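Asker: Following this message is one structure expressed as structure tokens.
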Amino acid sequence: MRGVSCLQVLLLLVLGAAGTQGRKSAACGQPRMSSRIVGGRDGRDGEWPWQASIQHRGAHVCGGSLIAPQWVLTAAHCFPRRALPAEYRVRLGALRLGSTSPRTLSVPVRRVLLPPDYSEDGARGDLALLQLRRPVPLSARVQPVCLPVPGARPPPGTPCRVTGWGSLRPGVPLPEWRPLQGVRVPLLDSRTCDGLYHVGADVPQAERIVLPGSLCAGYPQGHKDACQGDSGGPLTCLQSGSWVLVGVVSWGKGCALPNRPGVYTSVATYSPWIQARVSF
């Protein structure tokens with residue numbers, strides 16, 4: 001489902017049961033429709049209310065996540081160097097991109113902020129903060145996801161969800177009538193993931209392919225993954241009853257290939273940078 005190489009509320013810090021506290025409000029990370037996605041299945045209305053579609057001149061280019069009423073987090077590589085914020089809009093509250101509804105929102109982007117360590121090859125700092133032209137009203141279909149505490153990361157094996165409107169497989173785009181897709185993927189140890197990417201690659205073992213600031217999720221045998229069009233979208237994990245934005249879809253080799261799990265930008269690594277700029 002990966003792109004080409006995806007009102008005011010008071011948010012409080014609360015302690016999580018396992019020490020994975022995050023920036024939360026009464027609404028963040030708690031959809032009114034409970035998730036039933038186990039692997040590669042259709043989403044339901046209001047199931048992932050933070051899911052955003054980043055659109056360039058009306059066309060979907062990447063996914064994103066609402067983290068505050070006026071802020072969306074996505075991937076930096078979704079924005080070419082000379083891209084103008086005024087050419088982009090963020091669509092929220094949608095289940096299918098091919099249909100319109102008065103319950104969905106389409107908001108212009110005011111500005112795009114990139115981390116200071118972002119590299120254009122996407123290897124580092126592949127995040128973009130989008131400030132919307134105006135705050136959006138929150139509802140059952142539009143809610144923010146929770147942010148992780150700086151440096152906190154769930155352990156390997158934690159089951160998480162990646163969602164998006166990206167391709168079903170390489171070269172097979174999601175039909176416009178199909179709803180938002182989601183798949184369950186476990187977090188992988190970073191060294192294990194880096195080792196998998198060295199399999200069949202002409203890269204010395206001592207040279208890191210998956211760099212610090214990234215994390216991996218998926219299966220060594222493949223089968224389940226993000227794909228073209230999902231870049232910038234959310235990798236969320238359920239922690240203490242709330243969904244937390246653990247990763248942002250960044251890059252991978254193909255889609256769901258063996259030894260090539262999805263690579264995500266670690267949101268916890270950049271939480272201080274995010275929180276210093278976002279008005280919650």
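Quick reminder: no glycine exception, Cβ is built from N, Cα and C everywhere.
Keep in mind that this is a model prediction, so the values were computed, not measured.
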Asker: Can you tell which of Cys193, Cys227, Cys237 Swiss-Prot lists as bonded to Cys216 through a disulfide?
Answerer: Cys193
Asker: Say which of Cys160, Cys227 is recorded by Swiss-Prot as the disulfide partner for Cys255.
Answerer: Cys227
Asker: Going by Swiss-Prot, which one of Cys146, Cys237 is joined to Cys160 by a disulfide bond?
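Answerer: If we follow Swiss-Prot, the cysteine bonded to Cys160 turns out to be Cys237.
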